[in-house]
């Protein structure tokens with residue numbers, strides 16, 4: 001193999017190999033002339049055995065003839081490769097795999113998952129890689145996910161008995177038996193859902209092995225076309241009547257193509273990464289499914305409502321939701337609610353609620369403190385604590401300057417989404433069966449509405465004001481309204497995997513839009529026959545090719561004569 005440095009500013013050298021002529025006119029380098037006393041015929045690939053014929057053969061330069069020039073040409077960063085034999089592996093010249101038969105055969109024959117897939121019968125692989133089957137699997141998974149959002153998840157069996165009774169089945173057939181038997185009460189860990197995910201993963205691997213990897217093998221081979229007829233059959237073809245194939249190679253290199261020459265033939269490609277992108281898309285989808293399965297089978301989840309000033313242990317409120325769930329050391333951490341408070345809009349509606357949390361180790365030392373709010377969780381040791389709800393747990397009051405007393409607050413049912421809490425301050429004999437007292441209602445932590453023993457409105461007090469109010473001869477002061485923080489705790493080991501999968505999916509999807517363009521050319525005398533094709537952007541490809549060919553310089557007669565003299569000499 002000989003590497004040639006192409007300089008577009010100098011007069012291009014002839015592409016013809018070293019040839020011996022018998023005082024004849026310049027013939028194309030791909031021809032072998034045959035002279036006979038009766039006729040003179042030119043053949044591209046073979047000779048007729050004519051008696052008394054005189055044959056001149058074109059002898060190509062060998063790597064040994066150019067051994068002295070190898071050292072200098074190897075220093076060139078970007079080259080057009082001139083090869084007299086079979087094209088070398090692409091890994092040696094341009095960082096990829098080559099065109100030999102041995103290199104592509106090793107591409108998919110590794111160990112691990114692909115090694116296991118390779119041993120499966122070809123019939124099973126063809127069934128799994130069937131595109132309509134994969135599409136049906138995705139639709140089935142999407143349907144189950146939609147059904148999982150319709151059916152309440154993780155409820156007790158009695159809930160489904162009441163909501164889907166056999167006496168009034170949904171759509172005439174759907175009852176609680178379907179939900180509990182098929183595991184639709186925990187859809188994303190049900191055997192049906194996990195089996196469909198596994199089947200879709202097998203289809204993706206089978207498609208990658210049987211379709212995508214062979215396409216990549218073909219795309220990575222160097223393929224020189226040796227005749228103008230083959231080049232003219234490409235999606236795009238054009239003829240440059242007075243041009244040099246080496247000038248064409250320089251123009252293509254400037255456009256980002258990898259260019260290779262073998263004798264009078266040229267091969268160039270660009271956008272090979274677009275051929276690898278479908279494999280990356282499949283692997284990204286597998287990552288997403290693996291991460292989702294890991295989240296569904298290896299997580300913990302818990303919900304707790306904690307009044308201000310109290311503690312709880314993380315492991316006491318979290319339970320496993322899958323057979324792969326395993327607790328960690330962080331489950332021994334104790335959480336202390338330092339303070340719970342809310343902010344309000346000008347209209348009086350609740351704007352945001354906050355919880356000041358401290359995490360304590362087994363020795364009682366604070367290891368982390370953070371104020372959380374909605375969309376601003378606390379993360380520690382793989383555990384995430386979310387602020388999800390709030391309530392009022394107690395009212396602190398002074399009664400006739402005695403106390404303070406903590407009055408438990410209960411939620412009251414009202415129409416709509418508004419919250420309402422109520423409590424009762426007994427007046428008189430608390431042991432009497434007809435005990436009466438003062439009623440207190442609160443919608444939030446900023447104001448308390450008071451009613452007398454007859455249920456008549458008595459007034460409104462803010463806990464922060466400390467102003468007394470006298471009702472039926474009893475002096476009452478609202479000291480404080482103690483809120484409770486509603487927290488959701490969960491571990492999700494599949495989140496990093498899912499994020500990585502979605503990131504890879506976005507990247508490989510963008511790469512898949514890159515066009516893999518291939519160009520072939522052959523020097524036919526003073527003409528250059530050019531052809532090419534692409535897998536995408538088929539409308540723009542001819543326009544791009546025309547722009548590139550317009551930049552190829554045209555050879556003049558003086559240049560041709562100098563080329564002829566140099567070749568003959």
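Any Cβ shown, glycine's included, is placed from N, Cα and C.
Annotation source TrEMBL lists region 'Disordered' at 86-106.
What TrEMBL records for 127-151 (among others) is transmembrane segment.
Annotation source TrEMBL lists domain 'ResB-like' at 133-393 (among others).
The transmembrane segment annotation in TrEMBL covers 192-211 (among others).
Here the transmembrane segment (272-294) has Cβ contacts under 8 Å with residues 96, 188, 194, 197, 200-201, 204-205, 207-208, 212-213, 215-216, 219-220, 258, 324, 493-502, 504-505, 507-509, 511-516, 535-536 of the same chain, all six or more residues outside its ends. Residues annotated as transmembrane segment in TrEMBL: 272-294 (among others).
Sequence annotations record features per position, and here TrEMBL assigns domain 'ResB-like' to 451-545 (among others).
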Within-chain partners of the transmembrane segment (127-151) [C-beta distance under 8 Å, separation at least 6 from its ends]: 179, 184-185, 187-188, 192-193, 196-197, 199-200, 202-207, 209-211
The domain 'ResB-like' (451-545), counted residue by residue under DSSP: helix, strand, coil: 24 helix, 44 strand, 27 coil
